[in-house]
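Over in TrEMBL, the protein carries these features:
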{"type": "TRANSMEM", "residues": "173-194", "note": "transmembrane segment"}
{"type": "TRANSMEM", "residues": "201-222", "note": "transmembrane segment"}
{"type": "TRANSMEM", "residues": "242-263", "note": "transmembrane segment"}
{"type": "TRANSMEM", "residues": "284-308", "note": "transmembrane segment"}
{"type": "TRANSMEM", "residues": "351-369", "note": "transmembrane segment"}
{"type": "TRANSMEM", "residues": "489-510", "note": "transmembrane segment"}
{"type": "TRANSMEM", "residues": "516-533", "note": "transmembrane segment"}
{"type": "REGION", "residues": "584-607", "note": "region 'Disordered'"}
{"type": "COMPBIAS", "residues": "597-607", "note": "compositional bias 'Acidic residues'"}
Amino acid sequence: MFISGYAVVAGAAERLVLGYDSFGNICGRKNTPVEGANLSGLDMTNKKYVFFLNSCSLEIQSLKISSLSLCVSSCPQQQLNSLEDLQSFARNNGSFLCVYNLNVSSYTLNPKAAQLCPTLPVPPSKSFPLFNRCVPQNPECYSKYASVLISMVNEMDVFHRILSGILAGRDTVIGLSVLALAFSLILVLAFRFIQPLLVHTLIALVVFGLLFVSGVLWWLHYDYGNDPSTELETEKENVKFLLGYAIFSTIVTVVLLSLIFVLRKRLQFAVQLFRIVGKIIGRIPFLLFQPLWTFLILIVFWAFWVAILLSLGTAGTAQSASGGQVEYRALSGICYMAWYHFIGLVWTSEFILACQQMVIAGAVVTCYFNRNKNNPPPHPVLSSISVLFCYHLGTAVKGSFLITILRIPRIVLLYLYNTLNQKENAKHLFNCCCCWVCFQKSCLRCFNQHAYTTTAINGTNFCTSAKEAVCILARNSAKLASISCFGDFLLFLGKVFVVCFTVFGGLMAFNYHRELQAWVVPLLLVGFFAYLMSHSFLSVFEVTADAMLLCFAIDMETNDGTAEKPYFVDQELLTFVSQSNKLTEGRKHRNTRPFQDNEDGTELQPM
């Protein structure tokens, strides 16, 4: 909360995207005056473009352009050769190119007009879409202007370049997030009424998406790497990130294609599992609305997080300088606060998802341990929400914190990879550590879900519930492991489907905006948001299936099926688990039978 309040007070995100003049006025908005600067605090609502008075002879010193800059309503599209031309342009277009305190009627009369107006002749210019600058179109002036602007962008630190890229592509990021939402909704409806044909269609789309995205990434890396006009540091970073994306996408494609080939005959069990899950959701239809509420909460939080991030990036103090000008001086330690802010993004997002998982698990537990399956308990979702907020918020906090702890080493390892990129041993160590961290995080996420379900059943705290969940899963791992594995794998393919096609849309959209944009980082954010959205929606089926199977294991241990202790499980689920276990045991028996026959003394016949 301290960082959020400080960023709102000290930051001004509009400076990055709107631009500002030499007197501390942000173009395109009303401003507050700065002490000691007479021309600050002006209303620039209709003046959206930054115009440099000496655009053909710019110089940069300490990330600041030496020429005086003004906010103007339009850029001159024709060359202006005299003060009379400046005066005529101001009267006809309402765009004043001289200092604000010089009246338009005094352009040709004031003896200091030459110092207060732009250097003549004023070249024709057009507004630049990213930084709202008037860029000269004269070839000689344009080359000098572009070289200075390139130097300024290259001298910016990575943090501010990323912020500029996020602001420049904010509309595209929002559109791609809506696209990911649409894909997630389609998959939710598909899994609700799943059929074998749909499974094969999903697998085909995932394979196509993985191959296509990998091919596009390699093509873009080749295209950017061989582009002779690559001068900006952001463009060079695009090439590096594209290579990393392409390698990662290729590895994921090979691994997933291998798993799909190995498990292709066992996905029929996943179809039967989701049919049973669909019936449970049919008894509690409001479970399907939980991702919508979670999505809305996540959107509000992400918007708040991005606003605070932008405010942190522009946090600084406005100080008056010589000539009534204003300088913004950035505060030290902002980058460290940004890292802390990023950890807050991961932890809070995981906490929101953990609350959804606990609500779903509580509703499923209430429905499962109900004797009359045709008459479910009233309002199980609302009851689960009230229990969560009254008793178990600490459980969700602890579980989400454990996930966050395992995400931080991945970030550190990525940083070490860039530092040790030239050493092969270091790269191998990095790959091994990343695999270990990813495996641990995946196991911990599944472990948390079972802990949440145990909390819903027993009402115990997180640590006690986690211990009970481990004991139950250890005793019943042979019965439940294969069933849960195939269901989770099919849901993971659904998440890959959403991320692949959202990232593909992002590649096509960002590829048309190459100039001065570090768009690979917004693309990474889009992929992260797409995965969170798909996980939020598909976790309804994942948490329902895991909670149902854990309730089944507890039911089998607690009851024996007699009249005194009848089972809570319905016949369809019991039959499905029995058939799955018989098939698994049969395969194990066939795999070990030749060795057993040999041990029993059966003579091997010669060839």
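For all residues, glycine too, the Cβ spot is worked out from N, Cα and C.
These numbers come from a predicted model, not from an experiment.
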Any chance the transmembrane segment (201-222) and the transmembrane segment (489-510) have 3 or more Cβ pairs under 8 A, given the pairs are 6 or more apart in sequence? yes
So what's near the transmembrane segment (489-510) in sequence-distant terms, Cβ-Cβ under 8 Å and 6+ beyond its ends? 169, 172, 175-176, 179-180, 183-184, 187, 191, 199, 202-203, 205-206, 209-210, 212-213, 216-217, 220, 252, 256, 259-260, 263, 267, 270, 274, 517, 519-520, 522-523, 526-527, 530-531, 533-535, 538, 541-542
Per the Cβ under 8 Å criterion, with at least 6 residues separating them from its ends, the transmembrane segment (351-369) contacts 280, 283-284, 287, 290-291, 293-294, 297-298, 301, 376-377, 380-381, 383-385, 387-388, 392-393, 395-397, 399-400, 448-449, 452-453, 455-457, 532, 535-536, 539-540, 543-544, 546-548, 551, 555, 568-569
Near the transmembrane segment (284-308), which residues from the same chain, at least 6 beyond its ends, have a CB less than 8 A from one of its CBs? 3-4, 7-8, 13, 166, 177, 181, 184, 188, 192, 341, 344-345, 348-349, 352-353, 355-356, 359-360, 363-364, 367, 376, 380-381, 529, 532-533, 536-537, 539-540, 544
